[in-house]
Amino acid sequence: MGAFLDKPKMEKHNAQGQGNGLRYGLSSMQGWRVEMEDAHTAVIGLPSGLETWSFFAVYDGHAGSQVAKYCCEHLLDHITNNQDFKGSAGAPSVENVKNGIRTGFLEIDEHMRVMSEKKHGADRSGSTAVGVLISPQHTYFINCGDSRGLLCRNRKVHFFTQDHKPSNPLEKERIQNAGGSVMIQRVNGSLAVSRALGDFDYKCVHGKGPTEQLVSPEPEVHDIERSEEDDQFIILACDGIWDVMGNEELCDFVRSRLEVTDDLEKVCNEVVDTCLYKGSRDNMSVILICFPNAPKVSAEAVKKEAELDKYLENRVEEIIKKQGEGVPDLVHVMRTLASENIPSLPPGGELASKRNVIEAVYNRLNPYKNDDTDSASTDDMW
């Protein structure tokens, strides 16, 4: 927890799929962290009469990956199989769903605690969870921790989840009522989130219920009625993404990428790469879920993208030639470009989103460069 590599691991895990009128893509990268502690779930078509429902979630583990991995495999079952979710006969009501989600979180947390104790060595890992449960009529946003989800509707951020931070007044009050404190914006000066699954060292205050502990496993659940005409896409991501991109920035960037490609894996990869180049030092995971009215590929946008790439290619050549003797390093090239007013850069991503294009041209013109120097310089680009 908190340890970093000498250079980032940039290999990605990808997946994509479609069904129920939805398309999704996902990407995850270990980045600078010593371990990959993120996990994710993507299920289109749920069992037990919920074939028209879908579930997606991102889990950001800390102090180990055990809780995140267990949740990605079992949280959905705990949600849909409890009696609060099922309710009476027929499709579950909105309140059934919201109550069932909450019950599912509390049940899986208690189940993991009992399992950990039986192994005679309490697991100290924990995980945030952000997800969406999508029915034909509603989208249920689920959040526990500081990962975040947002809905882009009619080209704007319509909704986003609130991060559960110890400095939040309501969270701080609960922490203090449980005998804890908030120091340097952390629970007891240590944990940066005030709600999470796992983290059982923070859930052992006698006389307090599970939602009254220093760290609570209770999710916030918001139901949003779907709008076939206006709903465009949903983004779920861990804080490795949000640390360097704001809600509107990421919404604008994703929308611009959807206008030049319909490959959702590629869009997610561009998000992850861009955040790495913007300075994210954490694991990074993102899921993009597109509704039928998501932005479509535009011939005009594709043309502008090609023109931008050609412009950058020419500028890299000019910068290298201007150097004269010897070839400037990639950091110098990036800093030079960053000082210029380059037209038509992707909104939200800006020059960082074009790092791969620039580096490809640089490598072609400088085939004898030292791969161990420039390729790892993502933390000092300009």
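Just so you know, glycine gets a Cβ as well, placed from its N, Cα and C.
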Mn(2+) 2 site partner of D60, D282 (as recorded in Swiss-Prot), chosen from D239, D252, D309: D239
Lowest local Cβ density among D60, D239, D282, which the record lists as binding-site residues, within 10 Å: D239
For the Mn(2+) 2 site built from D60, D239, D282, further residues of that chain with CB within 8 A of the site's CB center: D38, T128, D146, S147, C238, G240, I241, W242, D243, N283, M284
Neighbour tally for G61 (Mn(2+) 1 binding site), based on other Cβ positions within 10 Å of its Cβ: 28
